[in-house]
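> Here you go, one structure.
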């Protein structure tokens with residue numbers, strides 16, 4: 001009896017201890033979101049304003065205007081801190097938009113293919129095969145290179161391959177859900193197919209889809225930085241970590257901070273997103289096999 | 001005698017040509033307000049027959065006719081036929097969407113077949129329906145996870161009754177339940193059959209429950225009906241050795257228990 005009374009408390013303590021480090025990714029990602037949202041309101045930055053007297057200043061140096069360049073300046077005298085902050089906004093915006101587009105397209109196609117099977121499922125399988133034969137980034141480079149530089153083009157070029165994993169995961173879940181008795185019950189009742197999908201199949205794909213979305217988000221942010229590094233995709237006025245890193249290439253020995261600091265910002269975000277994605281995958285993967 | 005449901009020469013093969021023949025030329029008839037029990041061991045094809053009747057399984061050949069109208073897959077049936085034939089499944093828990101409260105599950109049935117939806121106060125009608133199957137009104141707000149197996153099965157039955165069916169297909173509807181709960185659900189089905197003038201197609205592997213509910217019995221083995229007749233005759237004086245073997249097996253278990 002006393003054992004039973006103690007047990008929940010012990011479990012809670014243990015969960016808290018295990019939970020504390022597990023919460024790090026949430027905190028880090030929330031911080032990035034906060035910086036992306038509020039940062040640009042606090043810090044002014046104009047990519048075409050180039051005070052050449054301040055060029056290549058080390059972190060913490062005094063600017064000619066009287067301010068302090070906490071993270072140094074680049075070859076054109078532009079503030080690195082501002083570029084990191086504005087770059088966070090670009091990365092998160094493009095990441096969110098791409099994942100949203102890919103998720104909508106992928107989940108719709110996946111759930112319909114998994115539920116209906118038949119020719120639609122076969123077509124999806126072939127498209128997946130073809131698209132997987134290309135390296136995703138190569139396809140993105142081609143698409144982003146063909147069209148004029150703009151944010152929608154970058155989102156489109158990254159979504160072209162990103163939707164496939166959403167479609168695959170949703171299809172798998174839908175395929176197993178369509179065999180459930182509650183779906184059969186709805187079919188016998190004569191519930192329209194669209195309602196069956198929306199009410200009896202779709203809600204159960206949310207867990208795995210959210211887990212996948214975080215992993216995809218990390219990949220998309222990395223791919224966007226890659227495109228910007230190569231100088232394709234985003235318009236020149238936009239600030240992106242990839243661009244800043246590329247700008248600092250020549251100065252790696254003399255002014256390490258130009259490439260390194262945005263690189264660290266990028267890596268931290270990717271790593272934390274990856275850990276969060278793995279956590280969610282572990283949780284929802286388990287739930288799926290259990291129920 | 002006017003038949004309500006007529007299944008004739010049904011054949012179903014799984015896995016394409018040369019695959020497993022699950023149902024091999026089965027013909028059955030159910031008259032209005034009659035209970036036909038289909039018994040047989042697992043793999044005898046009885047569940048496949050039930051799924052053909054409700055339109056979840058498309059037969060390779062043969063027909064399912066209900067009140068003179070030939071029926072296709074569930075989704076293509078006219079609404080009148082859809083609601084006339086309802087099904088109660090084996091696994092009580094998974095036959096209810098775990099995210100939907102009972103009130104939504106019943107509401108969905110009414111929304112799908114508006115002719116059966118109650119006029120006036122829906123909450124009151126819902127509570128009356130739940131009372132019909134022996135459930136308290138507070139069940140309306142709960143989900144499948146908060147209900148016992150027996151309660152889930154009662155909700156399943158309530159959902160089927162909500163659209164005022166004339167034939168209820170029970171696929172091993174009591175097999176997954178405890179013996180005591182089994183008896184309650186059987187009792188409920190017997191009562192409802194009378195009060196709602198239902199015909200039942202009662203699929204089971206358990207001969208022990210058949211005599212409590214069936215008017216007629218069809219015995220299936222390896223996809224075919226080996227014996228069919230009034231319950232008293234089939235259970236009392238089986239003509240086929242397989243039926244005798246099934247009865248002996250049921251008796252053995254009965255004696256041990």
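Yeah, the Cβs are placed from backbone N, Cα and C, and that goes for glycine too.
From TrEMBL, here are the annotated features:
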type     : residues  : note
DOMAIN   : A:88-277  : domain 'ABC transmembrane type-1'
TRANSMEM : A:24-43   : transmembrane segment
TRANSMEM : A:94-115  : transmembrane segment
TRANSMEM : A:127-147 : transmembrane segment
TRANSMEM : A:209-234 : transmembrane segment
TRANSMEM : A:254-277 : transmembrane segment
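Tell me about the setting of these features in this model.
Within the same chain, residues 121, 124, 151, 154-156, 158-159, 162-175, 177-178, 193, 196-197, 201-202, 205, 209, 213, 216-217, 220-221, 224 sit at least 6 positions outside the transmembrane segment (A:94-115) and bring their C-beta atoms closer than 8 Å to a C-beta of that stretch.
With a threshold of 8 Å between CB atoms, the same-chain residues lying at least 6 positions outside the transmembrane segment (A:209-234) that come near it are 90-92, 94-96, 98-99, 102-103, 107, 136-137, 140-141, 144-145, 149-151, 153-154, 157-158, 162, 165-166, 169-170, 240-243, 245-246, 266, 269-270, 273-274, 276-278, 280-281, 283-285.
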> Checking distant contacts: for the transmembrane segment (A:24-43), what same-chain residues at least six beyond its ends satisfy Cβ-Cβ under 8 A?
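Residues 79, 81-82, 85-86, 88-89, 91-93, 268-269, 272-273, 275-276, 279.
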